[in-house]
Amino acid sequence: MTKKRIAVIGGGVSGLSSIKCCVEEGLEPVCFERTDDIGGLWRFQENPEEGRASIYKSVIINTSKEMMCFSDYPIPDHYPNFMHNAQVLEYFRMYAKEFDLLKYIRFKTTVCSVKKQPDFATSGQWEVVTESEGKKEMNVFDGVMVCTGHHTNAHLPLESFPGIEKFKGQYFHSRDYKNPEGFTGKRVIIIGIGNSGGDLAVEISQTAKQVFLSTRRGAWILNRVGDYGYPADVLFSSRLTHFIWKICGQSLANKYLEKKINQRFDHEMFGLKPKHRALSQHPTLNDDLPNRIISGLVKVKGNVKEFTETAAIFEDGSREDDIDAVIFATGYSFDFPFLEDSVKVVKNKISLYKKVFPPNLERPTLAIIGLIQPLGAIMPISELQGRWATQVFKGLKTLPSQSEMMAEISKAQEEIDKRYVESQRHTIQGDYIDTMEELADLVGVRPNLLSLAFTDPKLALHLLLGPCTPIHYRVQGPGKWDGARKAILTTDDRIRKPLMTRVVERSSSMTSTMTIGKFMLALAFFAIIIAYF
């Protein structure tokens, strides 16, 4: 039987994992990457490319290595927990080499259009027109996986800032920022307090005369380094913690989180406290920002009302003169210009079943991969989406009726609207564990903690109490990986390894305390398992 051919659009992280998912399901992937290399967002370049997100030279990823790795390919133990962008890209290269993925990629090839075949209602096939070196080519595919991400088009709302056209200094979007060298001795305004805005404020303040961080709403600032030096996302991403938070509800969870955040520094005193709750925004992670603020090198300001030739006037009436540069860290928008009307994006909103499948197609042969902004790592979600999509393409899984899918899409959108502050930034939000467990159920790889409690209690304990890493979804079901158990049980070793650069005598009291703690947890384990289910 002839293998089904699947077009994979984009050679970034979602594209790489999608290629591998196709191969694992016996499909034939052909990946189109318009640049000459893999990596997508994580491939640093001095000169930004149109239609592709661009990172600055110093970017450190916000999710730790255990939470962001591919499910059957742990990141090397000597790599730091939070990696520089060059190390992230190197990991992707290692992954592509390990699973021989590059042979499926056609580099320097742009996808011009993706259209239904005339007999789409029965065949589900697509006509894909591509261009390479000035030559266009049309091929027919049995399925399409769109892996172009959501950091594609810089969102630059200049119309919201009267007078900017008169401003004599330089102004640009954060995608065009590369390093702080050109800002020595200057007075700089950063507009926006997302992750890019916070990072740029910190970095530029090391050379600038003064940095002003302008924010409309304020933000809750989380840090990468959590209690006892563990990565914060590792500490907050266990199934048990997630279960407890579900029981407590959003109100108590917000109260606890805000108290913990304010113990680090008082957000009201630092001028950052927003009106919304901590879990009503996509997290802004920055370990250094409070230090720059308390040192006076970064000053927090409200929203800019208008610009003059050399100054910024803020909504509270205050004014800052002699401004040399304005950087708009105002995020991105996304679209799919090569797709026909079957997929529409309106104000950064898109209707997708489980954030993957358009509900209005006669045949489920088009999947959007990685179009989610999770409270956690996106890589493992993209991978699980790919595993599910390829099962659907192959006919191993089916989708509900169009009406059922539309009803669920509406419900999911209502939940987003209810929880999050209205913002272009929050249109594709999703909780990490909820999303992973939901996708794992669809794929058939969610670990059965109840059965494992009797057959492998040690592993079950780690699955419940430890961080919910991507490797959990290789323990059972399709695509099971023989190395999953060992990798899960050695998670803590990989976290500690890069920090062990000096021999330190371990406290005996700490060791005994940990032993007692583990014993108590073991005693309560079966009760917890039963409660969880």
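Every residue, even glycine, has its Cβ placed from backbone N, Cα and C.
The 10 Å shell around the Cβ of Arg5 (dimethylated arginine) contains 18 further Cβ atoms across the protein chains shown. If you look up Swiss-Prot, you'll see Arg5 marked as dimethylated arginine.
Counting only same-chain residues six or more apart in sequence, the Cβ atoms lying under 8 angstroms from the Cβ of Ser14 (FAD binding site) belong to Gly40, Cys147, Gly149, Ile369, Gly370, Ser382, Gln385, Gly386. Annotation source Swiss-Prot lists FAD binding site at Gly10, Gly11, Gly12, Val13, Ser14, Glu33, Leu41, Trp42, Asn62, Thr63.
Around Ser54 (phosphoserine), the same-chain residues at least 6 positions away in sequence with a Cβ under 8 Å from its Cβ are Gln45, Pro48, Arg175, Asp176. Among the features that Swiss-Prot reports, phosphoserine is placed at Ser54 (among others).
The phosphotyrosine annotation in Swiss-Prot covers Tyr56 and rests on a large-scale study or a structure entry. Other Cβ atoms within 10 Å of the Cβ of Tyr56 (phosphotyrosine) number 18 in total over all chains. Annotation note: Tyr56 (phosphotyrosine) sits in a coil segment as assigned by DSSP.
Here Ser58 (phosphoserine) comes close to His84, Asn179, Asp199, Glu203: these same-chain residues lie at least six apart in sequence, with C-beta atoms under 8 angstroms from its C-beta. Marked as phosphoserine by Swiss-Prot: Ser58 (among others).
If you look up Swiss-Prot, you'll see Ser196, Gly197, Gly198, Asp199 marked as NADP(+) binding site. In this view, Gly198 (NADP(+) binding site) is surrounded by 25 other Cβ atoms within 10 Å of its Cβ, with every protein chain counted. Secondary structure at Gly198 (NADP(+) binding site), as computed by DSSP, is helix.
Cβ neighbours of Ser280 (phosphoserine) (same chain, under 8 Å, six or more residues apart in sequence): Asn254, Arg419, Tyr420, Val421. What Swiss-Prot lists as phosphoserine is Ser280 (among others), and the listing cites a large-scale study or a structure entry.
Among the features that Swiss-Prot reports, phosphothreonine is placed at Thr284, with the record citing a large-scale study or a structure entry. Long-range Cβ proximity for Thr284 (phosphothreonine), meaning a same-chain Cβ under 8 A and a gap of 6 or more residues, is found for Ile193, Gly194, Asn195, Gly197, Gly198, Ala219, Trp220, Ile221, Leu222.
Contacts of Ser401 (phosphoserine) defined by a Cβ separation under 8 A and a same-chain sequence distance of 6+ are given as none. Reduced to three states, the DSSP call for Ser401 (phosphoserine) is coil. Residues or ranges marked as phosphoserine by Swiss-Prot on the basis of similarity to another entry: Ser401 (among others).
Marked as transmembrane segment by Swiss-Prot on the basis of sequence analysis: 513-533.
A separation of roughly 11 Å, to the nearest angstrom, links the Cα atoms of Leu41 (FAD binding site) and Tyr56 (phosphotyrosine).
Listed in chain order, the extra residues whose Cβ falls within 8 Å of the Cβ center of the NADP(+) site residues Ser196, Gly197, Gly198, Asp199 are Ser174, Ile190, Gly192, Ile193, Gly194, Asn195, Leu200, Ala201, Val202, Thr284, Asn286, Ala329.
Within the group of binding-site residues (Asn62, Ser196), the Cβ with the highest number of other Cβ atoms inside 10 Å belongs to Ser196.
Thr284 (phosphothreonine) falls within a strand when secondary structure is assigned with DSSP. Under a cutoff of 8 A between CB atoms, and with a sequence separation of 6+ in the same chain, the neighbours of Gly10 (FAD binding site) are Cys31, Phe32, Glu33, Gly40, Val146, Cys147, Thr148, Gly149. Other Cβ atoms within 10 Å of the Cβ of Leu41 (FAD binding site), summed over all protein chains shown, number 21. For the pair Arg5 (dimethylated arginine) and Gly12 (FAD binding site), the Cα-Cα distance reads 20 Å.
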